[in-house]
Amino acid sequence: MFLGVIDSLIHPQSSCPRNASKHTCRCEGRQPNRYFQSNGIKTTKYTLLTFVPMNLYEQFHRLANIYFVGLVILNFFPVVNAFQPQVALIPICVILALTALKDAWEDFRRYQSDRKLNNTPCLVYSRREKQFAERCWKDVQVGDFVKVACNEIIPADLLLLHTSDPNGVCHIETANLDGETNLKQRTVVHGVCVTHPEFDPESFNSRVVCEKPNNNLNHFKCYVEKPDEEKVGAGIESLLLRGCTVRNTDHAAGFVVYAGHETKSMLNNSGPRYKRSKLERKLNVDVLFCVILLFAMCLIGSLGHYLWRLSLPDVPPYLVADGNGHLDSPSLSSFYMFFTMIILLQILIPISLYVSIELVKMGQIFFITNDVDLYDEETDSRVQCKALNITEDLGQVEYIFSDKTGTLTENKMLFRRCSIMGTEFPHKENGTSHTQWNCFSSLLIPHGTNSHIAISSPTSWGFVRHTPSLQSGPSGGRCFFNETEVIPDRKLLQQITRGENSSRKTDPYLDFFLALAICNTVVVSMATARRRRVSHLLPPTVLFRSHFHPPADKKEGTDAISRHRKCSLHVLSQSDVSAVTSADLRYEAESPDEAALVYAAKAYGFVLLARTPNSVTVRLPSGDELVFEVLDTLTFDSNRKRMSVLVKHPVTKEYVLYTKGADYAIMELLGTPYAGTGRKQKNVATDTQHHVDCYAKEGLRTLCFAKKIVSEKMYEDWLVGRQRALAAIDNREELIMETAGQLETNLSLLGATGIEDRLQESVPDTIVALREAGIQVWVLTGDKPETAVNIGYACRLLEEEDLVINMSCKNKLTCTAILDCTLEEVKRYNDDPRNVDTTQNISVVIDGPTLTMALSPDLRDRFMELARRCRSVLCCRVTPLQKSRVVKLVREKLKVMTLAVGDGANDVNMIQAADIGIGISGQEGMQAVMASDFAISRFKHLKKLLLVHGHWCYTRLANMIIYFFYKNVAYVNLLFWYQFFCGFSGTAMIDYWLMIFFNLFFTSVPPIMFGIMDRDVSAEVLLGVPELYRTGQGKGEYNFLTFWISILDAFYQSLVCFFVPYLVYQGSDVDIFTFGTPLNTSSLFVILLHLSIEIKAWTVVHWVVMLGSVLLYFVVTLAFSAICVTCNPPSNPYWILQSQMADPTFYLICILTTVVALLPRYQWSVGQLLHNQYAIAQNNHLHSYSPHSSSSYSLKILFLHFF
């Protein structure tokens, strides 16, 4: 492990004099941390001096650019040149210049952003001034002390040493890093410097030892070594990350440990994602085919020139010898002619294709991001395209891997059931509306009971996801109109009342709800306030005082103070607790589960009032307030599947450990039964497990809660190892996990909860449509199998008629037997002649341990064979690593296009492992979105994104690429056919300027518009007939056959375009350009009208670019023929087109050539269109007659579409 040892800037051993300024110390080279990275950042790639060479170097990574530059250089040799060397430079220079301008503009924007960020002011401690002075971000160094105020962005990674909060807490918002807007707590490293009454940076005389800079935002290993060699450990909970924003804290100060490009935020800034699409890989293969075709044509030209020279009886006068009177031999001349032909036919390789593809993808992304149907009004978000070069892959997906929670479900947790000490409380009233508060209150408090539960306001009891809507009822009470409130169970209320009235110091029902309220990391703030912002109207002290301690003699205070009360927000401290009612509270949780549980505890009167690093305050139903001293928090991790909080009970003075987690993670740790209940732990565990299984079958998310009394000696012994683990650098996570496991043993089970997570809107319809589109959907979740299966049936991933194979094995032998038996049964079914053209509906449900065995090297092939034959697979109890392994295995073994969709940080590995990663901006932050290629707000948006936009993007781009190859081959073959009549001399019958303009201007825009805007099928038909999506799967429409058919069509059309004018002018005395002009004009009409046949949806833009291209051709050619007399000597194109347009033969040639060349293509397109329209019309008719039969009839449509 590489360590960074950082001395304080004002360390006593520093060679800087005590009265020297920080800047002077650095200039003299004696700053103790001068070898560390500075805080200035530079994200630009170029400078004014390096732009040209570096940009050219990057562009020459494309083999096509090297190819064309090589041809330009080759054209400068007189023995092989085909055109003027200067003219041959134009195409490649234009392409390189356009790309360079784009790169320069992007880099200039990065430069502006860097300059603005580097010059942002911040407060850095100055030894000379004895105070914090304003400096620029770029001047901050490792070892500096930096002070940040509320709502300021943190300039570097700081080790937190001081905050304005008396409990040493600083709240930060990490939205700039991971997109999460919920507040996160950071605590100071205590005991390393003087912080009271004022923070004194010069009292810090320790060394900071931390790990090597890395990009892990969730982990940090560090310790502070004091002069007496005592080591104080610190972790991520004490690190303020660069780019985060300080919230709800007046100010904080810290020690810079990472600066500039070594900060975690900059190490995570890897720039835009780049992936090569499947279409791009196929394109490279076809470019190679074109190169082979070009070389074959050049070899034919070279051999033809050799044979032509041999056939000459003597030397003709037009073969000019060199200065010495020497004439090259036929063999040497044919060798030179090979390179001349390469120069002449170079446009067979489409030089502008790559630039056109980038423009088309930008246009496609514009239409995707501006689709109103993909906009979510609730979250005010639309689809985001972050990977700009794989839009066409959306139309080729064959496997989808989805998370469950937050992806298929809302991830808005609602408390529905609970079981305490083996007794189940169903909460049947939950989710129902109660219109009168008096009815509601009579339900809560039974008549005749001596209850001490305060019902000062309805919100003390009702859990509402948002602020409840309360109105006056008929009897003068207040009414609820929200169906998601938690209505306490009557019997459970009675148990709580008995527990409070009993003489026992502890009660399992009270402990259960205390665990719900305490065992979490929820931040407590004011419910009616927004996040606090900096105000310049009133000092912070006035704001604080006016909000939390209003004057007793004033009703509302001044208007200014009243206004500030509404917009301020402060995390509650211990002094604020008594003045706050439960209705004023707001809970900010990192997980929706935690918020649901805290609100459920609040509904029963156990109100979480305040939380600091050292204490938790809970108000009991009786109104008493208990302040628990927090001794340690054992945070949740994916390996332990649980979290614990160790507190000191304020009444019993006992050390109590409250633990919550998955049922299997808690049940295996049970030991001591709950004291004083008289029930055996085994019986309680059995009954609770039964209830948990029932909750899971209902689709509820389950958690178990337990408690443990820790003796003082046990705690002291454990604390020694815990502090050693926290101060460790090597294997810190393992040591911390080991200490947590040492304490989490012999637990006493309290109970379990069932939380509902409802399906998102239209999820079943989306999954059915995706399945009809030929896409296999897998769900990978960490939930219990019972919960996952219930959701599977609800979202129609599993159907009632499916053969569901449940794979839950304890050993590898059983797993192997199930795989072999299932595969044998599937093969037997397929071999049965009675099952021809039918498939068996098989679904597999597999848990995490069994999946680990199935993914082992000796079983993975059999598992993949079974999964390939299944309609759906449901993986339960899987870890994030297992999710990514499954995706990689399917992608590599089955050679299919995969898509992964998720919403949480645990889905990042899966999203990055798939060909396409889609993040859902849900309730668990934005880490999945930031790691994805595309981002959506709802799972239902996946339907249109794939079936409509994916299909359009793929077919548009595939057809455009095929058209580009066709266009270039058709045009360059005109020159090739002419070589048979000019002795294969490399002569062109079209002026080279017009040849350049032909591809650069006359025929460049129409195919780009075709690739951006064409629609082969309407969105309504694509959504109504999902089977049409299958045309892009597998080999798709752009395959070996369609490519060579278009090449052959190009050969045919070029033959027609050449020989029709040739036969017309045969025997005449027209010059070379008079022959080439109608040939060039008719080829323009053929190429553009060919595209017109391919366009399925005409718009105004198509008409404008088509007619504009023809108009531009005639305007430019007429102008060129009029003014360019000696542009390409000895050729003379003067007044050629003008003369041709005065001759009716010219028009006859153009019309006849166009008709004959396009007739086969037109007949094929019309026949295919009629078949498709007939099939769709029949499907619509059948759908209106019998909706149930439309799905099966869609297969016929698909067949006709292929036909």
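Placement of Cβ uses the backbone N, Cα and C atoms for every residue, glycine included.
Residue ranges 652-670, 1146-1164 are listed, and TrEMBL annotates 1146-1164 among them as transmembrane segment. The two recorded residues, Phe636 (ATP binding site) and Asp907 (Mg(2+) binding site), show a Cα separation of 17 Å.
For Gly782 (ATP binding site), the count of additional Cβ atoms within 10 Å of its Cβ stands at 23 [all protein chains shown]. In sequence order, Thr405, Met413, Asp593, Gly754, Ile755, Glu756, Asp757, Asp783, Thr787 are the residues of the chain that are 6 or more apart from Arg701 (ATP binding site) and have a CB within less than 8 Å of its CB. With DSSP states grouped into helix (H, G, I), strand (E, B) and coil, the domain 'P-type ATPase N-terminal' (31-87) comes out at 24 helix, 0 strand, 33 coil. Residues 171, 182-183, 185, 248, 418, 420-421, 467, 492, 495-496, 499-500, 565-572, 580, 583-590, 594-595, 597-598, 600-602, 604, 606-611, 616, 618, 620, 628, 633, 635, 643-645, 647, 658-660, 674, 705-707, 750-751, 753 of the same chain lie 6 or more positions beyond the ends of the transmembrane segment (509-529) yet place their CB under 8 Å from a CB of it. Its Cβ placed at the centre, Asp903 (Mg(2+) binding site) has 33 other Cβ atoms within 10 Å.
Recorded stretches compared: 63-80, 86-105, 283-308, 335-357, 1072-1091; the one with the most Cβ pairs under 8 Å to the transmembrane segment (960-980) is 335-357. Outside the transmembrane segment (1043-1065) by six or more residues, the chain places 286, 289, 293, 962-963, 965-967, 969-971, 973-974, 976-978, 981, 1074-1075, 1078-1079, 1082-1083, 1086, 1090, 1145, 1148-1149, 1152-1153, 1156-1158, 1160-1161 with a CB less than 8 A from a CB of the stretch. Considering only the binding-site residues Asp403, Gly782, Arg877, the residue whose Cα is spatially closest to the Cα of Asp903 (Mg(2+) binding site) is Asp403. The transmembrane segment (86-105) and the transmembrane segment (335-357) are in contact, since at least 3 Cβ pairs between them lie under 8 Å (pairs 6 or more apart in sequence).
When the C-alpha distances from Asp907 (Mg(2+) binding site) to the binding-site residues Asp403, Gly782, Arg877 are tabulated, the minimum falls on Asp403.
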